[in-house]
Amino acid sequence: MNETPSVGIHDMSFATTHYVLDLDELARHHNVNPAKYHVGLGQDAMSVPAPDEDIVTMAATAAAPILQRHGTDHLRTVLIATETGIDQAKAAALYLHPLLGLPSTTRVVELKQACYAGTAAVQMAAGLIARDPNQQVLVIASDIAHYQLDTPAEATQGAGAVALLVSADPAIARLDPVCGLYSADVMDFWRPNYRTTPIVDGHYSITSYLAAAAQAWRDYSGRGGRDLSEFASFCYHQPFTTMAFKAHHHLMCSAGITPDPTAIHAALRYTTDYNRVIGNSYTASLYLALTSLLDHAGDLTDAPIGLLSYGSGAVAEFFSVTVVPGYREHLRTTATSQAISSRKPIDYDDYRALHDTHLPTDGGRHVLDEHTTGGFRLAGVTNHIRVYETC
Ligand code: COA
């Protein structure tokens, strides 16, 4: 009998926006003690998209280095996970075809379930590869967290994209077979089609996240998963980084372990560095936590990492990856820190102006000014068609 090949993350790459707002600037104008953001939420800055950036430009910027390294010969599927959809019908990833030279012999789909959909895409990719280990799947989680101005959620905005190449015999991390699932109809966060910002019951979303995490863990344990003590580290979905600490505390209690701050710190150390300065990137946030861990921790070869994915509404999944030997040679640590450090700081007035910028909807021809230097840009909109270009 043929042995089932391992499947997992073969390459991963991150992109974010052209602009950044320091949360001290937000705190000053909102008359809020900055410690609420830095300590209470665990956030220092937020990525802010330029008018010529969106989930497609971030997705293209994240995916391009992966395609440069691996080519497209084995690429059969492109899955884009987002809750910042630019169209009600067409998958955002189809716009990547001319930008990235994607082969026409690919299936291309957009997945949605709030911040969870990236994990759904990864699991679907694993299923496809189990059926045909010769094929590779490009998963891109790309999102812009855009809340109503002057609301408590405003400080948790952010934007980013993580592209993952999922394949057999992965170079970075193997997906372990056991996963724990939980879903329930919860109205903690949603965005009706007619709104540009979500409706969110922030405190309810925190308790919903914690409850769903505990249930997913219970399912995981019941299916023969690892003991909590076996994991070298834990990556959580991070709408703001202190949420990861709340979630791990809750998971320890659920597992019957007395939570100890030192153990929690050790378990999450290195997983929050990027999200602290990017803000919420919804579907990308969990995979940015994993990127941060791999980039900053010491040698994790053969270490099992627990991952908790949560999407309001709500779906949670606890699963794990095992880091493979030689993974460090495949990381893109320098490119990620450059994407973060090269963002252009903006002041509060510019941030407010950008927040209120919306594409015209009249079907006319509109050309957008050049802002981004990210490699791909939204050049304008004509006849209701978004026009992208390489820059
Ligand atoms: N110094 C240190 N910490 C401070 C502080 C200060 N001066 N002022 C407040 N804090 C702490 C609070 O104690 C709280 O921490 P705790 O939850 O551990 O007690 C934290 O900062 C946030 O303060 P809080 O008053 O709860 O904030 P808020 O009600 O204004 O909004 C959210 C917080 C998360 C509800 C809001 O940002 C939101 O709605 N976000 C979007 C939804 C979301 O991210 N949900 C997460 C699950 S998906």
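Backbone N, Cα and C define each Cβ position, glycine as well.
Feature annotations, reproduced from TrEMBL:
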- Glu83: active site, proton donor/acceptor (ACT_SITE)
- Cys115: active site, acyl-thioester intermediate (ACT_SITE)
- His237: active site, proton donor/acceptor (ACT_SITE)
- Tyr147, Lys246, Asn280: (3S)-3-hydroxy-3-methylglutaryl-CoA binding site (BINDING)
- 7-169: domain 'Hydroxymethylglutaryl-coenzyme A synthase N-terminal' (DOMAIN)
- 179-252: domain 'Hydroxymethylglutaryl-coenzyme A synthase C-terminal' (DOMAIN)
- 274-329: domain 'Hydroxymethylglutaryl-coenzyme A synthase C-terminal' (DOMAIN)
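Least crowded of the recorded positions (His237, Lys246), judged by neighbouring Cβ atoms within 10 Å of its own Cβ: Lys246. DSSP places the residues of the domain 'Hydroxymethylglutaryl-coenzyme A synthase C-terminal' (179-252) in helix, strand and coil in these numbers: 35 helix, 12 strand, 27 coil. Secondary structure of the domain 'Hydroxymethylglutaryl-coenzyme A synthase C-terminal' (274-329), assigned with DSSP and counted as helix (H, G, I), strand (E, B) and coil, comes to 23 helix, 17 strand, 16 coil. For the recorded positions Glu83, Cys115, Tyr147, Lys246, Asn280, a Cα to Cα distance of within 10 angstroms from His237 (active site, proton donor/acceptor) holds for Cys115, Asn280. Between the listed recorded positions, namely Glu83, Tyr147, Asn280, the fewest other CB atoms within 10 angstroms of a CB are found at Tyr147. DSSP assigns Tyr147 ((3S)-3-hydroxy-3-methylglutaryl-CoA binding site) to coil in the three-state reduction, placing it in neither a helix nor a strand. The residue listed as 'active site, acyl-thioester intermediate' has Glu83 nearby among the recorded positions Glu83, Tyr147, Lys246, counting only those with a Cα within 10 angstroms of its own Cα. DSSP assigns Cys115 (active site, acyl-thioester intermediate) to a strand.
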